[in-house]
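Peer 1: Quick one: structure below, then a few questions.
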Amino acid sequence: MTTTLQQRSSANVWERFCTWITSTENRIYVGWFGVLMIPTLLAATVCFIIAFVAAPPVDIDGIREPVAGSLIYGNNIISGAVVPSSNAIGLHFYPIWEAASLDEWLYNGGPYQLVIFHFLIGCACYLGRQWELSYRLGMRPWICVAYSAPLASATAVFLIYPIGQGSFSDGMPLGISGTFNFMIVFQAEHNILMHPFHMLGVAGVFGGSLFSAMHGSLVTSSLVRETTEIESQNYGYKFGQEEETYNIVAAHGYFGRLIFQYASFNNSRQLHFFLAAWPVIGIWFTALGVSTMAFNLNGFNFNQSIIDSQGRVINTWADIINRANLGMEVMHERNAHNFPLDLAAGEVAPVALTAPAING
């Protein structure tokens, strides 16, 4: 009899736990995805902060030339970063227990792998948690679909690109100037600015900013007056009110006359779908572009494409970009290569056909 009571009691504890996990009455929804999301994001955050402040230099290129990224080694908020794991590690999984000592793990950039793996798992669980909460509340599932765009971008630069390039040392450093360095080197090696998918991403981000500003300013300019001149317009809205807080007909009429009639949405649902879809689709394409360039399917190359009747090159903007790319490429990892690939792979140009005679 006692055993039966204990089993029922433990079952009740589990049921109460399940109810609490999936309850939408909690101040912050946990959910089953949250059970994995919370510890992974906490681990990534704690490790990132410690490494950003105090990690020793990392041998990122695998040539015994450590690069310092932490604050106590002389960096500031702008120049500091969690430096990617060593090229000597490559794509090997490098947890703490795989290193001979903690010093070796730090020297080879182990914290970078710890942060990005926990971060990506946590972000994927955050997407799942968005779907889970939407499901519990009876909402449509498009919030997590929109979030998939930044998640795809993070996965592209932290996981897909290193896999394609053969080493986590090619992943994006976790810092401000490290991000810029990653972008510059990416342009040098892959000509990303000439890739159509990156162009779509630029259109998505800048267009999304423009449409967001247009929508916000139109709504703010066509609010239904509910207050006096000496009160804030914001007091004219009560949370949960049934009435429209702005006049969509007035906004439609204004914008339709400013541009032309059919440039203005007359359906609020279509408008807000468009505002969500435009940047999301653009960022999807950029993430897809980075993921294909990871395997060296690069941007367009129009270098020396225009020649005159004598076969001489007429320089275009593409040739200027090519020269800039070569300059950026020869400057990065300058001690790791004798020649950058673009310079070493071309045909050999003879410098002198015969040795000069020295008289005297």
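Backbone N, Cα and C define each Cβ position, glycine as well.
Fair warning: this is a prediction, and the values are worked out from it, not measured in the lab.
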Peer 1: Which residue of HIS198, HIS215 does Swiss-Prot report at the same quinone site as SER264, PHE265?
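Peer 2: Looking at HIS198, HIS215, the one Swiss-Prot places in the quinone site next to SER264, PHE265 is HIS215.
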Peer 1: Measure from the Cβ of HIS198 (chlorophyll a PD1 binding site) and count the other Cβ atoms within 10 Å, all protein chains considered.
Peer 2: 22
Peer 1: If we skip the immediate neighbours and take only residues 6+ beyond the ends of the transmembrane segment (29-46), which ones have a Cβ under 8 Å from one of its Cβ atoms?
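Peer 2: Residues packing against the transmembrane segment (29-46) from afar: 20-23, 114-116, 118-119, 121-123, 125-126, 128-129, 132-133, 136.
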Peer 1: CB neighbours of HIS118 (chlorophyll a ChlzD1 binding site) within 10 A?
Peer 2: 20
Peer 1: Do you know offhand how many angstrom separate GLU189 ([CaMn4O5] cluster binding site) and HIS198 (chlorophyll a PD1 binding site) by C-alpha?
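Peer 2: Pair distance, Cα basis, whole Å: 15 Å.
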Peer 1: Taking residues 6+ outside the transmembrane segment (274-288), which of them lie with a CB under 8 Å of any CB in it?
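Peer 2: For the transmembrane segment (274-288), the list is 142, 145-146, 148-150, 152-153, 155-156, 197-198, 200-205, 207-208, 211-212, 215, 265.
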